[in-house]
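Peer 1: Here it is, the structure, as structure tokens.
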Amino acid sequence: MATLVHTLVDHSDDVNYCAFSSSCLATCSLDKTIRVYSLNNFTELPYSPLKGHTYAVHCCCFSPSGRVLASCSTDGTTMLWDAGDGQVLAVLAQPSGSPVRVCRFSPDSTYLMSGAADGSLILWNMQSLKLYRSGNVKDGSLVACAFSPNGNFFVTGSSCGDLTIWDDKMRCLCNEKAHDLGVTCCDISSQPISDGEHGFTYFQMASCGQDNQIKLWLILFADFLGVELKYKCTLNGHSAPVLACAFSYDGQMLVSGSVDKCVIIYETTTGNTLHTLSQHTRYVTTCAFAPYSPLLATGSMDKTVNIWHFDLKQPCAANTVENESKVAVEDWSEDDVSAWLCAQDLADFVGLFKRNNIDGKELLNLTKESLANELKIESLGRRSKVLQKIEELRMKMTSVTVPDEFLCPITRELMKDPVIAADGYSYEKDAIENWISNKRRSSPMTNLPLPSLVLTPNRTLKMAIGRWLETQQK
């Protein structure tokens, strides 16, 4: 269920793009401004709107840390802003002077890519703020870009309909005619897909275009194989050109916006339509999922940005369950803590915890005093709720821990009937049989092909588990 929770009406012209960080939402417009809002209550930050571009702002994006905001414009520049106070950090001029249509940070913030209407693309070194590499698409304007999660490559889309894959040295690796009337947007899921049959890892990409279509692709990037772009399927539903598409943080959903004024949310595994949202009164130009909270933003030529909330559990909640069983809390990263907050219905604290670099170790050390004095959480009720959830984590840590070797690597549950597979690892019999029956021929642990599908009962391990269970019952 998707519920409209807020509508932003501050722009005086078409909204061209919207982008999330862990704590903020940025929007940009034909009115030459960028506006920044807090996710806590959707109020505009004191330094907003950001003014500096002399013509329409086409795109904006946050750096992975959320500390820097980039924006690009018809004025031929890409501007960098401090997301904390709105100060201008740099103005990067496209060498050709052509209108800049899209900008993207690499996943490690080493580079910023800017793409222009004349087909030129620039990789800027974010440390020196100097041009690092430059290139050109074969034909048309450069209108779309997406980096792979590991930063090894990025994809651009052009108005002539091509998708082009580049490595981080700006070498063209692959070019594919994807949309007859032109690409309008593309996005790469942050969650790779494993191919059990061959042991490869694919990156899932979506592209949309003037042909009314959304296409899903699989990208294989391997040093020894080069790059392979495989068409997967076409998602239908829009009756007019599709202007925007974006994956959810966990890759399970894809959202699109169209000239037909509709927003459609798809389930990526099946291609089924989950929601159709039709509140905008003009073309939907942009859409984006928040990374650590169940929010979606959609922008339109009706000058508004709609913010939607999903009643279903936050996508990252599933990953939290996995992290709690596989990674000790004290070893959690800041992202793991953010995911945990989402799963505990504490998503509004994500930005605060991120700004204070709260990882697993810091989380466990939080006290009533530190929440009040250091994190400045004034509400007693909210402090109590956070402390209660942290205490539950501590209690879980001190409870009886099942030896890891007794847990099935697939289900992460205590094994009842362990068997040894050809990769040398032990699994719960039903789990590994299901794995194999789904036409997977690779090891769940190594991703390498299994030389044999024979499963051998591990009686020694079964006896050890039995003895351990007896000791717990005494």
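Yeah, the Cβs are placed from backbone N, Cα and C, and that goes for glycine too.
Here TrEMBL flags 50-91, 93-134, 146-167, 235-276, 277-308 as repeat 'WD'. Annotated domain 'SAM' per TrEMBL: 332-396, in sequence order. Annotation source TrEMBL lists domain 'U-box' at 401-474.
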Peer 1: Would you mind listing the long-range same-chain contacts of the repeat 'WD' (93-134), meaning Cβ under 8 Å and 6+ residues beyond its ends?
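Peer 2: 55, 58-65, 68, 70-78, 80, 140-151, 154, 156, 158, 166, 168-170.
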Peer 1: Please work out the mean pLDDT for the residues of the repeat 'WD' (50-91).
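Peer 2: It averages 95.
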Peer 1: DSSP on the domain 'SAM' (332-396): how many residues come out helix, how many strand, how many coil?
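Peer 2: Tallying H, G and I as helix, E and B as strand, the rest coil: 47 helix, 0 strand, 18 coil.
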